[in-house]
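S.K.: Grabbed the feature section from Swiss-Prot, which reads as follows:
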type	residues	note
BINDING	D126, D130	Mg(2+) 1 binding site
BINDING	D130	Mg(2+) 2 binding site
BINDING	R267, K328, R412, Y413	(2E,6E)-farnesyl diphosphate binding site
BINDING	N321, S325, E329	Mg(2+) 3 binding site
Amino acid sequence: MAPTLDSDSTVLSIRSDFRQGRVQRQLKSELYRNDNRMSVENDFRAPYIQLPYPQARLNPKTTECMNITFDWLSSMGIDKQVDPSVWQAFVASRLSDIVGYSCNEDIEPEDFLWLCKFTTWLFIFDSMMDDGHWAENICMSSHAILEMNLILMWNDPENERLLECSKSILDLVMAIDASGSRLQLDKFHADMVDARKKSKSLLDVKMGVFTSAFRDCWMEYVEDVPAEYTTRIAQTFQRYISSCLWEEKNRKEQAECMNVADYVTLRRFSGCVEPYFVYVDRIIEHKRRKSPISHIPNTLFYGEHMQNMLAAATDVICWHNDIFSFPKETIREGDKHNLVYTVFQQYNCHSCTQAGELIVELLHDRIAEMEFAYEKLRSAAAPEFHPAIDVYIKNCRDWISGSHEFHMNSSRYNVRSFSGPPENVKHINSV
């Protein structure tokens, strides 16, 4: 029998399911405690979240870069891929604001603009995968994902790390639509031959509208970052598109809700948060123009402490997003890929609100674990790498606080009901 919130061991039980947390804390609220579990359709009150970092402020460059971004997307033809009303909704949502809240004024203008462009593209791409016409057309979504994989493989087609990720992507495409994907896979392999032979440029490969825009961002990134470091961000993108396929496979098979452990693993990649942390390599490269700073070597980057730090930061942002997106994506749109829904189902919570409150407890634990991993990483590293490590952790903290401020203010989520202190939540958050 699954544990329930009546048990004092609930927090400990759920932690032990998917990580090694051992500290137990009391839930902050007992809202909706009664003999009957509330259905998912009932009112959800987002738990009050207070982060241990300063409140994020919107970068004054945001509106200018947002306008440039939508002009760029229009020039790539993406505005013609969605209904006019949907396009206007994307514009009104000010999707670049998440970058504006997460990146301070000291960021280089070219980095800020790149992040605005990629982020807005990502929101639209993700919507196409979840509820656009791609959601009903597996052939189209698989084709886009194979093209993205080709882009990521192009510069280093024999890289073992990338080949391993690529194999899992190709296997998933076959598992989802074996007959319909044959021609697409044949084209992918033919294009990979060209990549290995260097017989033509990546720009010469014919691609769809969305993937052409992604290629534009990718080529700008690899022009600036040494080849030995581009593999890092390429892997994060591969994990993201692989998770998109997993979600699509689950929808096709009408799979039941995953357990918490499996969901957390999938969510770590499906949120496409990792690239924002690894993008720091380009920020560091730009800093090197002005002052000496060493990149984090692969021995440290792929080491236990660095990976623990990045995984914890990724979990924090993804779980936080699940709380705020729950009314929109799960209650209204019926998407079960949400941690609130998963915890609600697996742990027999009395309400979705209580499931959200439990997740906040875990979220604060993950922040503490991120900070602990940072201290361990810094202690283990030579002093010459400390500045780069500090840039990485600052970026993690900034994206956590910036993402929170974006979710609090964005019309995309429009959460207005909170379980927490009786005072105005935004007022408390700004103190």
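In case you wondered, yes, glycine gets a Cβ from its N, Cα and C as well.
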S.K.: Just to be sure I understand: of D126, D130, N321, S325, which binding-site residues have a C-alpha no more than 10 angstroms from the C-alpha of R412 ((2E,6E)-farnesyl diphosphate binding site)?
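M.R.: Taking D126, D130, N321, S325 one by one, the ones whose Cα falls within 10 Å of R412 ((2E,6E)-farnesyl diphosphate binding site) are S325.
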S.K.: Rounded to an integer, what is the Cα-Cα distance in Å between R267 ((2E,6E)-farnesyl diphosphate binding site) and D126 (Mg(2+) 1 binding site)?
M.R.: 13
S.K.: According to DSSP, which kind of secondary structure is E329 (Mg(2+) 3 binding site) found in, if we only use helix, strand and coil?
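M.R.: Once the DSSP labels are grouped into three classes, E329 (Mg(2+) 3 binding site) ends up as helix.
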S.K.: Hey, how far is E329 (Mg(2+) 3 binding site) from Y413 ((2E,6E)-farnesyl diphosphate binding site), Cα to Cα, in Å?
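M.R.: Cα-Cα, rounded: 9 Å.
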S.K.: Note down the number of other Cβ atoms within 10 Å of the Cβ of Y413 ((2E,6E)-farnesyl diphosphate binding site), including every protein chain shown.
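M.R.: That number is 20.
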S.K.: Sequence gap of 6 or more, Cβ distance under 8 Å: name the residues on the same chain that satisfy this around N321 (Mg(2+) 3 binding site), in order along the sequence.
M.R.: G271, S403, H407
S.K.: Cα within 10 Å of Y413 ((2E,6E)-farnesyl diphosphate binding site): which of the binding-site residues D126, D130, S325 qualify?
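M.R.: If one measures from the Cα of Y413 ((2E,6E)-farnesyl diphosphate binding site), the binding-site residues that come within 10 Å are S325.
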S.K.: What residues, ordered by sequence, lie under 8 A Cβ-to-Cβ from S325 (Mg(2+) 3 binding site) and sit at least six positions away in the same chain?
M.R.: N338, Y413
S.K.: Go through D126, E329, the listed binding-site residues, and name the one with the sparsest Cβ surroundings, counting other Cβ atoms within 10 Å.
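M.R.: Among the binding-site residues D126, E329, the lowest count of other Cβ atoms within 10 Å belongs to D126.
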